[in-house]
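Worksheet: the structure to be examined is printed underneath.
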Amino acid sequence: MVKLTACLLLLVAAVQAKLPVTPISQLRAESHRNKALVARSQDVNAAFPAHTIQIPIDHFPKSSRYEPHTTEKFNLRYWFDASHYKEGGPVIILHGGETSGEGRIPFLQKGILAQLAQATNGIGVIMEHRYYGGSLPTPDFSNKSLRFLTTEQALADTAYFSKNIKFPGLEKYNLTAPGTAHILYGGSYAGGQVAFLRTQYPDIFWGAISSSGVTKAIYDYWQYFEPIRQEAPQDCVHVTQNFVDIVDNIIINGKNANTTRELKNLFGLGRLRDADFANALSSGITGWQSTNWDPAISGKSFYQYCGEITSDRYLYPVTAQQKASAKRIIEAGGHGREAPEILPQLLNFVGWLNKSTLESCSGQGQTAEECLNSYDEAFYKQDNADQSWRAWPWQYCNEWGYLQTGSGAPKNIRPVISRLIDLPYTSNICKQAFGITKPSNVDLVNKYGAFDIEYDRLAFVDGGSDPWKEAGVHATAARKRGTSTNKPFILIPDAVHHWDENGLYPNETTAELPPQRIKEVQAEEARFVKEWMKVHIYIDHQTFTGIRKNLSLMNDELPAHVLPFLVPPTSTKNAVSPSHEQPADPRIAISSWACAGLSVVVARICCSPIGYRCPSRDLAAQPSKSKKDRRGQQLSPAAGDPIVCTGLTTRLGFVSFLVFAFSSFTFIPDIETLKAAVLRSGEVLWSHDAAAECCCVLSVLFAASCTESRKLRLDI
């Protein structure tokens, strides 16, 4: 039963092929489906019940954007699996994104979340996004209520979650960040979210994997169809382009009402507006996004569409009787010379659309016009608690854009959807539902880095054939990058939308499934996350006691002679700050200080600023033109990048670390004022260069061994 439910939930998440403009009937069905899922979630998912944590509705009480402010909290839902957990393991959070969290639950058992939790002895978590599923901060979806649905508020939710979470049944462990490593995973919109979280809250999140992450908000996202045009089966693409030519030549260029009427009647859509008609015809090609390597969850519509429109046989006897009308339409659309070839293709398209769409509409008691219409001002004005469809349009109308048009394609490109699908049409929902008449303020998203976003332990995994690729760091317009363990940058060939996310149970695998490229990518993700865990350091904010967390729990254990210096305390609750301990003999303090100082010198030599990146809100300032790194390269930050650490900042970081070491081993009772500098210097210690990083690790191990007599435990 659990496996069947998991399959169904994944199927729902995968096969929802989105038209450029979602018809009202689908918006209504989406709200009903969400309500039903929330109502029966506890029964269906008994193995993984929903839990809640109270989150502030408003994280920014000083911002005028959210006036009037509120101090209230709401229940945000999450699910977790601790079956792989061992003390010291990380918390792996899969960000729920712009959908109900129920659709992500199968990833607790199979897929990348389960794999990472198993590889690191961690806890797998699914965290729902505010205003989706059952995580509703407000009693309705009115504009006034939706003012709290913004990117920055959603990011702050996740940060609050990680700093305050207490998992039921695991209360004896302190599993909050940053004491426990919290690592994020997200796909698509959620992929953008986790990338932003790593750069905006680097002191909370130890790492993140952004899969098919959209980090660049684009208002007119005509590029959505470029990977389809370039990567989908070319015979299918060519036939689709011919159909689009015919439709646009008749409706846009021909302006003959009789021919337009005959074209629409051929498809049984005579009463639809022109743009709604063109939108309905795009339902086949837009199914590309829902394809997946796993046949059990892959959308079937795309390949059914392609198989039928590329056939030279008449597959539907009923539509074959309309040859005369279809031939006139082909000729009026400028493809008369190709009529013998296009005729069966066009009539098969008519038959396919009737079978895949119109029969479904009639089965629901709707006419084609009711089913495919996107104009209904009365519907759009509804904003009660049942109108959950309003959440994502609110986000893209205000901040993200992503209006998928055919009109935006350059003139030298034969589009795969009609140019009738333009900005006025795709933005109509913004105007009718929310009264928004201006383009989305994409700067509110792009300020986080857009194409240039980059950070230590921030991985990007994309599909080479993903329609959303052009909105992420692998876009044609983005700069080229290399890949490393510290900054993985992976493009999966012939993969579509976050194909690395789902997986199979062991008894479901075959020689062909998962495909080798998927197995390799998921294995690589597990590898570099384990490597990230090896250098996890946390200096306790309250006690400044370094807590070793993770190394002995990895599959590749440390040598036995190293472990005595890395024994984790059972609890830090009553730990005594090393700065408050009085050494029994002053010589111990002196030798400890000297040893710690020597380790800092070693680290300073090995870890000089080769491409350092400072955490956000750190001590670094804009480097002057005279500043160069030790390789003689100019230190100047790229647009959108975190500020490059200057030599001065690096020296300050090491000085603060040295002062911390001194105060920890001598008699200074209060070093609260040094807390910020110490925490910042810890990040500066770590170079992007693997050899230097190794040297850093050795220097801290050296310090740990020197200070064993003082019971100072260092976490690496």
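Positions of Cβ are set from backbone N, Cα and C atoms, glycine also.
Positions annotated as signal peptide by Swiss-Prot: 1-17.
The N-linked glycosylation site feature in Swiss-Prot is assigned to N143 (among others). The local packing around N143 (N-linked glycosylation site), expressed as other Cβ atoms within 10 Å of its Cβ over all shown chains, amounts to 13.
Among the features that Swiss-Prot reports, N-linked glycosylation site is placed at N174 (among others). Around N174 (N-linked glycosylation site), taking its Cβ as the centre, 14 other Cβ atoms fall within 10 Å, counting all chains.
Residues annotated as active site, charge relay system in Swiss-Prot, with sequence analysis given as evidence: S188 (among others). Sequence-distant contacts (6 or more apart, same chain, Cβ under 8 Å) of S188 (active site, charge relay system) comprise G97, S211, S212, G213, V214, W468, H497, H498. Annotation note: S188 (active site, charge relay system) sits in a coil segment as assigned by DSSP.
Counting every protein chain shown, 9 other Cβ atoms lie within 10 Å of the Cβ of N258 (N-linked glycosylation site). Annotation comment: Swiss-Prot describes N258 (among others) as N-linked glycosylation site.
Annotation comment: Swiss-Prot describes N354 (among others) as N-linked glycosylation site. Residues near N354 (N-linked glycosylation site) in space but far in sequence (CB under 8 A, at least 6 apart, same chain), listed by position: F267, G268, Y316, T319.
With a cut-off of 8 Å between CB atoms and residues at least 6 apart in sequence, the same chain places S212, P227, Q289, A495, V496, H497, H498 near D466 (active site, charge relay system), listed in sequence order. Annotation comment: Swiss-Prot describes D466 (among others) as active site, charge relay system.
As annotated by Swiss-Prot, N-linked glycosylation site applies to N507 (among others), with the evidence given as sequence analysis. Every protein chain shown contributes to the tally, and the Cβ of N507 (N-linked glycosylation site) ends up with 6 other Cβ atoms within 10 Å.
Under the heading N-linked glycosylation site, Swiss-Prot lists N550 (among others), citing sequence analysis as support.
The feature region 'Disordered' is assigned by Swiss-Prot to 617-636.
Annotated transmembrane segment per Swiss-Prot: 652-672, in sequence order, evidence recorded as sequence analysis.
Looking only at the glycosylation sites N143, N174, N258, the one with its C-alpha closest to N507 (N-linked glycosylation site) is N174.
In this structure the alpha carbons, written CA, of N258 (N-linked glycosylation site) and N143 (N-linked glycosylation site) are 42 Å apart.
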